[in-house]
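Record features, source Swiss-Prot:
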CARBOHYD  Asn74  N-linked glycosylation site
CARBOHYD  Asn88  N-linked glycosylation site
SIGNAL    1-19  signal peptide
Amino acid sequence: MHLRLTLVALGAAYVCANAVESTMNRLVAETLTLLSTHQTLLIGDGNLMIPTPQHTNHQLCIEEVFQGIDTLKNQTAQGDAVKKIFRNLSLIKEYIDLQKRKCGGERWRVKQFLDYLQVFLGVINTEWTMES
């Protein structure tokens, strides 16, 4: 009985995680569409200068990207469409911040850490663009 309840709980957690991921995918897609549609409004007179990361591994530049978003938000006229863009970006940042909290983990034995390290390096090797 305990095993069955555990499996049900794991299944529910999986469904919940997939629902959140699916919602986030839709939110990102909607935000990309809004950015494309309202780019002229966001550019304004074109004189605003925002520090933009040169690094192509966007995962490493999250803080800088969101600092740029804050700068843009503070310097852009706030119509309904623009409010929606910045509300979406705020929700995306909250999601990323929640995910980052998972980085602080418990202590593991060396073998478990080395297994994690191998997966981590594999992601760097396959998903990150290497710059020289």
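Indices start at 1 and increase along the chain as displayed.
Cβ atoms are placed via backbone N, Cα and C, with glycine included.
Remember, it's a predicted structure, so these values are computed and weren't measured experimentally.
Every protein chain considered, the tally of other Cβ atoms within 10 Å of the Cβ of Asn74 (N-linked glycosylation site) stands at 9. Other C-beta atoms found within 10 angstroms of the C-beta of Asn88 (N-linked glycosylation site) number 17, with every protein chain shown included. If you take the Cα of Asn74 (N-linked glycosylation site) and the Cα of Asn88 (N-linked glycosylation site), they are about 16 angstrom apart, rounded to a whole number.
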